[in-house]
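Look at TrEMBL and you will find Arg9, Ser10, Thr11, Gly17, Asn18, Gly145, Lys146, Asp147, Val186, Lys194, Met195, Gly196, Lys197, Ser198 tagged as ATP binding site. What TrEMBL lists as motif ''HIGH' region' is 10-18. Per TrEMBL, the feature L-tryptophan binding site maps to Asp133. Among the features that TrEMBL reports, motif ''KMSKS' region' is placed at 194-198.
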Amino acid sequence: METVVSGIRSTGKLHLGNFYGAVKNFVQMQNEFNCYFFIADYHSLTTHPTPQDLHGNVRQVLIEYLAAGIDPEKATIYVQSDVPEIAELYLYLNMNAYLGELERGASFKDKVRAHPDNVNAGLLTYPVLMAADILIHKATKVPVGKDQEQHLEMARTFGNRFNRLYNKEYFPEPYAFNFTEKLVKVPGLDGKGKMGKSEGEGNAVYLSDEPEIIRKKVMRAVSDSGPTEENQPKAESIQNLFDLMKIVSSTDTYEHFDELYNNCGIRYGDFKKQLAEDMIIATAPIREKINEIAKDETYLRQVARFGAIKARESASKTIREVREIIGFKSF
Ligand code: TYM
């Protein structure tokens, strides 16, 4: 059976981008593959190092994983820092990751642009840690959004380089995965780019947002003054809202509004109202479970401890083999 690995950084609540890019696939994949889904708290230290927030953020992602339907009986759910073998593999992979290739990483360049005052080595080697996350379980499928495609390419590079260096076909090649065949990029509400936590308040719709909040955010989403001629190409902000509708609404609804747009008959107020209601319907079952699961501390502890044991079983086997391949021997 093929092995699947994916994770989400513990930097706060999950949004629709995390859900449609990643978690929705996790839920489907757990029925078909040997799955490891984790909470990337080591990764969160590159940008969110506040000790008081660390555990709360990890707990939030754990709750939302469970609320979205990841089942600890089917998939291994764990916290990255509970599996120190990952940090050890990261160390070995770092020995063969080169400054030039890491500096060319698109996410690294974005982070440097956004936070020129905090260009730490953890940010630079972020893709190496991510490769360690994946290779530690020798995974071949990695459900992620479009923004992670380059990181997957780097994970293949590091795995293949290790294999070549030690002349052994040890690590298999991992590929980004989405059931829809195409990797997803969920747009945000700011009219510009993808939905994200760091893209500013109001850009992201969270799975835990109450209906009133979702309505407010969508009604305030950036739009334009409307089409003036038939079949006019859509501005980016409008295209983004249509893309969101394609994700959360039915095909009929999407086509209805698309036709209205093309006939210059669209009223953005109605369009946004429909979009907000469909987002509310799509997130309602998860939101309700979030509130329920958050109360059950014993269950959360059980899930995390059980997951850590299972993840370490697989990770320590890999580390034992890797140490042997590298040539470490105990006296
Ligand atoms: P993070 O926390 O930034 O994102 C978690 C997942 O959500 C997806 N995602 C999106 N997908 C579509 N549209 C969006 N607007 C959107 N925003 C976020 C991301 O693609 C990702 O799948 N580096 C990873 C965390 C990680 C990881 C790993 C993933 C660490 N190690 C090993 C897979 C395997 C990340 O960026 O997380």
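Cβ coordinates are placed from backbone N, Cα and C, and glycine is handled just like the others.
Outside the motif ''KMSKS' region' (194-198), and at least 6 residues removed from its termini, the chain residues within Cβ reach (under 8 Å) are 11-13, 15-17, 47, 114, 145, 147, 185-188, 204-205. Looking only at the binding-site residues Thr11, Asn18, the densest Cβ neighbourhood within 10 Å occurs at Asn18.
Geometry remark: Lys197 (ATP binding site) versus Asp133 (L-tryptophan binding site), CA distance 22 Å. The number of other CB atoms found within 10 A of the CB of Met195 (ATP binding site), across every protein chain shown, is 25. The Cβ of the residue listed as 'L-tryptophan binding site' has 27 other Cβ atoms within 10 Å, all protein chains considered. Residue density at Lys197 (ATP binding site): 18 other Cβ atoms are found within 10 A of its Cβ, drawing on all protein chains shown.
Less than 8 angstroms from the CB of Lys146 (ATP binding site) sit Gly21, Leu183, Val184, Lys185, each of them six or more residues away in the same chain. If you take the C-beta of Val186 (ATP binding site) and look for same-chain residues 6 or more apart in sequence within under 8 angstroms, you find Leu16, Gly17, Tyr20, Gly21, Gly145, Lys194, Met195, Asp243, Leu244, Ile247. Of the residues the record lists as binding ATP, namely Arg9, Ser10, Thr11, Gly17, Asn18, Gly145, Lys146, Asp147, Val186, Lys194, Met195, Gly196, Lys197, Ser198, the two whose Cα atoms sit farthest apart are 19 Å from each other. In this structure, Asp133 (L-tryptophan binding site) is part of a helix by DSSP.
According to DSSP, Lys197 (ATP binding site) sits within a helical segment. The Cβ of Arg9 (ATP binding site) lies under 8 Å from the Cβ of Ala40, Asp41, His43, Ser44, His48, each on the same chain and at least six residues away in sequence. Calculated from their C-alpha atoms, the gap between Asn18 (ATP binding site) and Asp133 (L-tryptophan binding site) amounts to 18 Å.
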